[in-house]
Every structure is written in structure tokens, then in C-alpha cells.
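**Student:** Before I ask anything, let me first share the structure, which is written out below as C-alpha cells.
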Amino acid sequence: MKLHEYQARDIVARYGIPVTGGGVAATAEEVQKVAEQIGGPVAVKAQVHVGGRGKAGGIKLANTPAEAFDAGKAILGMDIKGLTVEKVLVAEAITFEKEIYLGVILDRATKRVVLIASSEGGVEIEEVAKINPDAIIKLAADPLLGLQPYQAQELAYSIGITDAKQARQFSSIATGLYRAFVENDAELAEINPLVVLPNGQLQALDSKIVLDDSGLFRHSEVAGMRDIAGEPESEIKARENGLTFIKLDGNIGCMVNGAGLAMATMDVVNLFGGEPANFLDIGGGANAQKVAAALDIILDDPNVKVVMVNIFGGITRCDEVAKGIVEAQKIIKRQVPMVVRLVGTNEAEGQRILADASLTPASTLADAAQKAVDIAKQ
């Protein structure tokens, strides 16, 4: 679950991390009121779950409350990559001398919580990794002891912070961000940028937190922050139907049971020169209704030219999947070619149900991927 910037800002502030003054607003009048309370230049920032809001005109500076009103009026209601701006963060605009990146992630390769820091903040960390990977420093925290203050100070020195007082403050901020990550079951927590003020103090200018949906039952207060209106409709539909769905940029829709098989399917599609349009795991024991819902979600994407179904039936019954496919074809208006591989429990019955449907059968994963890629290229 993604949090808006203003929500992430409130969470990191609870952990002793200094943030800029400001507040959230849903109308231009509220924007002006917050700007008056700040009493100086402000930044009016669109709160949407997509990147590139600055380039889209979703961030504006204002020197007076009247200018803030105009900025709020311009941004609220704006469409940014398909999402409507319903709230803005009105934050104090400050002068700073340097930008730093600080983030916390779960590194599955090392099975550790890892802190990432860079002296090149203010830009996407992925861009820094491409252009100057040596500017990125990583530190793995011990899962039993947690992040130790001396480790955080070493991280500060590693990114060029030489002032002892500043290094101690960085250590405090890094420890706070680490705690925010662990205690809220997050997948990502980052401050970008963490800025150095003219007086040498550090302050978080922008915060981002992504929570693990599987841990939300332990955090009812945070779970209530979910902004359904700010999420893609496809992800909302998937969650309501118990599906795991991630939209990608390709044109080959994928419906698979099991996360591992879904990733393997996407890899094989890439191997044969295709581009998956999504990751979609229908899970174990999926019934016809869930399969139909999955196909409906996939076909909501206008880029999809073909759907590849790859089912290895264990708990999931192939005949139930087949029934769902046939049912979906009856009710879904948009029809595209489908390549179907069914192997496992009730396989023969599933093949019988699909015999009269306008589908392309496949016997192996490689066969299915090749056929799907060939159709997508037509």
C-alpha cells in the first residue's frame, strides 16, 4: 500500500525526523489558509500515487497566500497520468545547500533490512545507480540487534558528511527511518531529498513509504490511510477479487496460478522476444468466478493484444479455470486471442470444456510463450 507524501511525512515525524512545516488541503481556500499560517514562501504539491508530478505541473511555488490560492486552484482537479488530484500538501519552501538520499528497503538476496544512502539526492536513486553507482552506499542491519548508532554514523561519513554534529544528526534520522520501516511493516521508506540547511541542520524535504499489504492487519491506524481513489482501478479490482496484480508495459497479458510460476512465465515470454503486460497470480484453488474476474482485469488494458494462460493444477482445478475462461468470453465485450496451457488436476475435463472455444492450445510453457509472442507481433 502506497502512502501519500503528507501521510509519510507525518509518520517519519513521529520518529523524531525533522520535517518542513505545512499541512494538507483539499480546496484552494484551505491552501491559502495553510500558507497564511506558515507566513512565508510555500510549495504546493499534488498528492497522487504516480511519479513525474513536477514535470506535469503538479508542484508549484508560491511567495504569498494569494499565489498559493492560485496554485491550489490550478493543481486541484488536475489529471496526472490518469489520476485526479484531490489533495495537495502545502509545505514551507526552504533554502538548502545540499541534497542527500536516504532509504530503507528489504533486500531479499541478503535477507536483511538494508539502508541506502547517497550524496546525490533530489533525483531518482535508480538514475544515480545508472550514472554514478559509486555514489550509492549500502548498509545491512543485523536482524537481531537492529541498526546501531555507530553504523549509522559510519554511513554518514561514507557519503561525505564530515562534521561530527551533522553526522550524529544523520545517525538519529537514519535510526528513525529504520524504526519507521520495521515497526510499520514497510517495503520501502525513503527521504529524498534529505537537505542540509544553511545552518548545517538536516531536514526531510520529501518522504515516501510503501507498506506491505500482508502486514496491514497489525496496523489498523495506518491501514485506514489507504486512498482507494488514488489507486489504479485495475489494482482495486484485483484486491477485491483476491488476486495479485501488477501492471507492466508490454502487450501480452498473463494469467497464471502461483507467484513463482507467474515470474517464470514472464521470463519465458521475454526469452521469446515478447513483453508481458502484467503480473497476475490467481492463487491456489481459484474458481471460475475468480478466473473471469482476472481476465476482465487483464483486458481492461488496451495495450493487450493476446492473453497467455498458464495453469499448473494442484489445488487449482483445470476444469474450474476452463469454466472461468468460457464464462468470461461470454460477458467480456473486448475479445483478444488467447493461448491456453492447462496441466494438472482435472486437465482432461478442462481441455474438453475449452474444445469448442476459440482458443489456441499449448502443451508446454515454451510452446505457449512462442505462440503468444507470434500473435502479439502480428
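We count from 1, first residue shown onward.
Any Cβ shown, glycine's included, is placed from N, Cα and C.
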**Student:** Could you look at Lys45, Lys87 and say which one Swiss-Prot places alongside Gly52, Arg53, Gly54, Ile94, Glu99 in the ATP site?
**Tutor:** Lys45
**Student:** If I go by Swiss-Prot, which of Asn251, Asn257, Asn270 binds substrate at the same site as Gly314, Ile315, Thr316?
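**Tutor:** So the substrate site in Swiss-Prot includes Gly314, Ile315, Thr316 plus, from the candidates Asn251, Asn257, Asn270, Asn257.
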**Student:** Radius 10 Å, atoms counted are CB only; among the binding-site residues Asn192, Asn257, Thr316, which position scores highest?
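**Tutor:** By the 10 Å Cβ neighbour count, Asn257 comes out on top.
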**Student:** Rank aside, I only need the closest one: which of the binding-site residues Lys45, Arg53, Glu99 has its C-alpha nearest to that of Ile315 (substrate binding site)?
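**Tutor:** In terms of Cα distance, Ile315 (substrate binding site) lies closest to Arg53.
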**Student:** Spatially speaking, which of the binding-site residues Asn192, Asp206, Asn257, Gly314 is closest to Lys45 (ATP binding site)? Use C-alpha to C-alpha, please.
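**Tutor:** Sorting the binding-site residues by distance from Lys45 (ATP binding site), the top entry is Asp206.
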**Student:** Return the residue, from the listed binding-site residues Glu99, Asp206, with the maximum count of other C-beta atoms within 10 angstroms of its C-beta.
**Tutor:** Asp206
**Student:** Quick one, of the binding-site residues Lys45, Arg53, which Cβ has the fewest other Cβ within 10 Å?
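**Tutor:** Each of the binding-site residues Lys45, Arg53 was scored by Cβ atoms within 10 Å; lowest is Arg53.
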